[in-house]
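Asker: Submitted below is the structure of interest, expressed as C-alpha cells.
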C-alpha cells in the first residue's frame, strides 16, 4: 500500500490521544481524580466517552467484515451491541449508580457483604478484560500490517504501549476526554467516507450487490494464496492451491469459492436462515442475541463509567444518550460490508474480511487524493477504536487489580497495576494468532452475560439472593462459558451441534447461571444479608428524597 | 404541643392568638409527618418496607414490560424469518425487508423504548416521592 497519508493520520491520532491525556494529567491531582474523574463529568461528555470506549475493533472493523462474509444473519451483532445498552438502562443503570459501587467486585461487597465473592468477581473481571484486550491489540497489528506493510507485532506493541502509558500517567480523568474525542472521530471516520462510497456506487450506475451466480471482481485482481486450500471455480471444477500461488482474475470474472474461508454466497447471504434446513443457525442466532443483549451490562469497562454520573437519574439519561450515539454509529458498518461485496471481493478469497473497512475507500474511489485521504481517515478511526477501548479496559482491570490485589488503591498502586495489566495481554497478543476479532469479542460478551448479568439483575431486583447463590451461579454459568472460550481457542475443531454449543454458548450458559443462582439462594436462604432492606432502599430510592 | 410555647404562666380561655398558634403547630406537625415517613423508610419499619417493596415492584414491572416489547419486537424476528420465509424475500424500496428491519429500523426502535422507559421510571419515582413528602393529603 503506497498511501502517503495513512501513517501521518495514525501518528496524529496517537499524538492527539497522548496530548489530551497529558492535558488531563495537569488536571488530575488526587486519587479521586484518577479513578472517577471526581464525578464532575457532564452527562453529554460522559455519554460520548462511554460510546467512544464501547466502539471497539469489533464494532469498527469486525462487523463490516462479518457482513461481507455471512450477510444478513450477522446483522444481529450491531443490533445486539446496541440493545445491550437498553438492557443496561432497564435493569441496572440507576440502581447501580445509587449503590455507590465503582466496580463489579465493589457491588458484590455492597450488596452481599462477602469478601470471597469479591475475589471471585475480581478474577472474572480480569479474565473478561484480557479476553477483550487481546483482540483489540491484534486488530491494531493487523490494520497496521494491512495499510503500511509494517510487521504485525509493531501495531500491537504500539497500541499497547501508548495505552498503558496514557492510563498509568493520566488516569480516568484524562481517559474521559480521550474517549469522548474518539467517539466523534470514529463516527466521522466511518460517516464521511460512507457518503463518498454511496455517491461512487451511484456513479458506477449501481452495480448489483448480489449478482446472479455470486460476487464478481470489479477490477483486475491478483490474490496471493496463504494456506493450502481447494478452489471451486464457477464452472464447477475444482483445483488445489498452495501457499505462494498467485491467482489472477480479470474484471467481471466471478469470485471462486475457497475451502479455507467459510462464507455465504447468493441467497444464503441475502436471506435469513430458514427453519428446518438450519436449526443450528437459528440456535446460534438466539445465542448471539442473548450474549450481546445481556453481556454489555457485565463488561467491566462499561460499568466503571456509571460511577462518574452524579446520581441515578443522570445515569439513566446518560445511558439513553449512549444508546442513541451507539445506534447512530451502527448504521454505518452494514454499508461497508455490503459495498465490500462489490469493490473488495478478493477478501472472500484471502479470508481477511476484517480489513474491508480500511481497504474499501481506496478500492472504490481509486488511488486519487480523495480515495487516499478517505482511506487515511478510516485508518485513523480504526486506531481510535483500538486506543479507546483498550484504555477503558485497562483502566478497569488496573482499578480492580490495584484495589483488590495490590493494596489500598493509591495512585502508585494504580500505576503499577496498569503496567502489569497492560503487559500480559501484549504478550498474549504477540503469541496467540489466528483468532477472529469479532468471534473473541462475542465470547467475552457470552462470559459476561453468564456471570455478571445474573449477579446484577438478581442482586438489584431480588431480595432473596445470597452470597453462596451468587458464587455458585457465577461459577456454574461463567465457568461453563470460560470453558467454552478456552475450548474454542485451544481445543480441536468440532462439527455439528457440539461446535454450535461451544462457539455460541450463551443460550445454555445464561439460563444455567440464573437457575443455579436462584436455586442455591433458596437452599441457603438463612444467609440472606440482614441489611437487605436498607440496601434495596439505597438502590431504588429517588435522589429527590435526600434520605 | 401548644402549651410550652405559651408564654403565659397560667392557661386562660382560648383567644384569637391561641388559634394562630394552633395553625403554626399544624404546619410543624405536617412536617414531622413527612419526617416520620422518611424515618419509616430508613428504619425499615413495616410501613417503610412496604413502600420500598411497592416502588421496586413497580420499577421491575415496568422494566419487564418493556423488555417483553423488545423481546417480541426484535427477538421474534429470527423465528418469523425462519417460519415465514416470504417475509425474508419481501422488498421495500428495493431492499429485502430483513436488511431494513435489522440494519436500520432496530436502532430507532431501541432508542424509542429507552426514552419511554426513562420517562415512565421517573414518573414512578415522582409518585413515590409524592407519597413520602405529602402523606395523607
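Any Cβ shown, glycine's included, is placed from N, Cα and C.
In case it helps, TrEMBL gives these features for our protein:
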{"type": "TRANSMEM", "residues": "A:6-26", "note": "transmembrane segment"}
{"type": "TRANSMEM", "residues": "A:47-68", "note": "transmembrane segment"}
{"type": "TRANSMEM", "residues": "A:74-96", "note": "transmembrane segment"}
{"type": "TRANSMEM", "residues": "A:117-134", "note": "transmembrane segment"}
{"type": "TRANSMEM", "residues": "A:154-171", "note": "transmembrane segment"}
{"type": "TRANSMEM", "residues": "A:183-203", "note": "transmembrane segment"}
{"type": "TRANSMEM", "residues": "A:283-307", "note": "transmembrane segment"}
{"type": "TRANSMEM", "residues": "A:319-339", "note": "transmembrane segment"}
{"type": "TRANSMEM", "residues": "A:373-402", "note": "transmembrane segment"}
{"type": "TRANSMEM", "residues": "A:440-462", "note": "transmembrane segment"}
{"type": "TRANSMEM", "residues": "A:469-490", "note": "transmembrane segment"}
{"type": "TRANSMEM", "residues": "A:496-518", "note": "transmembrane segment"}
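For each feature listed, report its degree of burial, its nearest neighbours and the pertinent distances within the displayed model.
Answerer: Through the fold, the transmembrane segment (A:47-68) approaches residues 41, 74-75, 77-78, 81, 132, 135-136, 139-140, 143, 175-184, 186, 190, 296, 301-302, 305, 318-319, 321-322, 325-326, 329-330, 333-334, 336-338, 340-341, 344, 347-348, 353-358, 381-382, 384-386, 388-389, 391-392, 436-438, 441-442 of its own chain, all at least 6 residues removed from its boundaries and within a Cβ separation under 8 Å.
Beyond the transmembrane segment (A:117-134), the same-chain residues lying 6 or more positions past its ends with a Cβ under 8 Å from any Cβ of the stretch are 56, 103-109, 298-301, 389-390, 393-394, 396-397, 400-401, 404-405, 421, 424-425, 428-429, 432, 435, 440-441, 443-444, 447-448, 451-452, 455, 467, 470-471, 474-475, 478, 482, 485.
For the transmembrane segment (A:154-171), the list of distant contacts is 14, 17-18, 21-22, 24-25, 28, 33-35, 136-138, 140-145, 178, 383, 386-387, 390-391, 394-395, 398, 411, 414-415, 418-419, 422-423, 425-426, 429-430: same-chain residues at least six beyond its ends, Cβ to Cβ under 8 Å.
For the transmembrane segment (A:283-307), the list of distant contacts is 36, 39, 46, 49-50, 53-54, 73, 76-77, 79-81, 83-88, 91-93, 96-97, 100-104, 125, 128-129, 132, 172, 273, 315, 318, 389, 392-393, 395-397, 399-400, 442, 444-449, 451-453, 455-457, 500, 503-508, 510: same-chain residues at least six beyond its ends, Cβ to Cβ under 8 Å.
Same-chain residues lying 6 or more positions outside the transmembrane segment (A:319-339) and placing a CB less than 8 Å from one of its CB atoms are 43-44, 47-48, 50-51, 54-55, 59-60, 63-68, 75, 78-79, 81-82, 85-86, 88-89, 93, 183, 186-187, 190-191, 194, 197-198, 201, 209, 356-357, 360, 364.
For the transmembrane segment (A:373-402), same-chain residues at least 6 beyond its ends with a Cβ under 8 Å from one of its own Cβ atoms are 3, 5-6, 8-10, 12-14, 17, 35, 52-57, 59-61, 102-105, 122, 125-126, 129-130, 132-133, 136-137, 139-140, 143, 147, 159-160, 162-164, 166-168, 171-172, 175, 178-179, 182-183, 185-186, 188-190, 192-193, 196, 300-305, 357-362, 365, 409-410, 413-414, 416-418, 420-422.
Within the same chain, residues 56-58, 62, 77, 80, 84, 91-92, 95-96, 104, 107-108, 111-112, 121, 124, 127-128, 131-132, 134-135, 287-288, 290-299, 470, 473-474, 477-478, 480-482, 484-485, 488-489, 504-506, 509-510, 512-514, 517-518, 521, 539 sit at least 6 positions outside the transmembrane segment (A:440-462) and bring their C-beta atoms closer than 8 Å to a C-beta of that stretch.
Outside the transmembrane segment (A:469-490), and at least 6 residues removed from its termini, the chain residues within Cβ reach (under 8 Å) are 108, 112, 114, 116-117, 120-121, 124, 127, 131, 432, 435, 439-440, 443, 446-447, 449-452, 454-455, 458-459, 501-503, 505-506, 508-510, 512-514, 516-524.
Long-range contacts of the transmembrane segment (A:496-518) within the same chain: residues 280, 283-284, 286-288, 290-291, 294-295, 439, 442-443, 445-446, 449-451, 453-455, 458, 462, 464-465, 469-470, 472-474, 476-478, 480-481, 484, 487-488, each at least 6 residues beyond the stretch ends and with a Cβ under 8 Å from a Cβ of the stretch.
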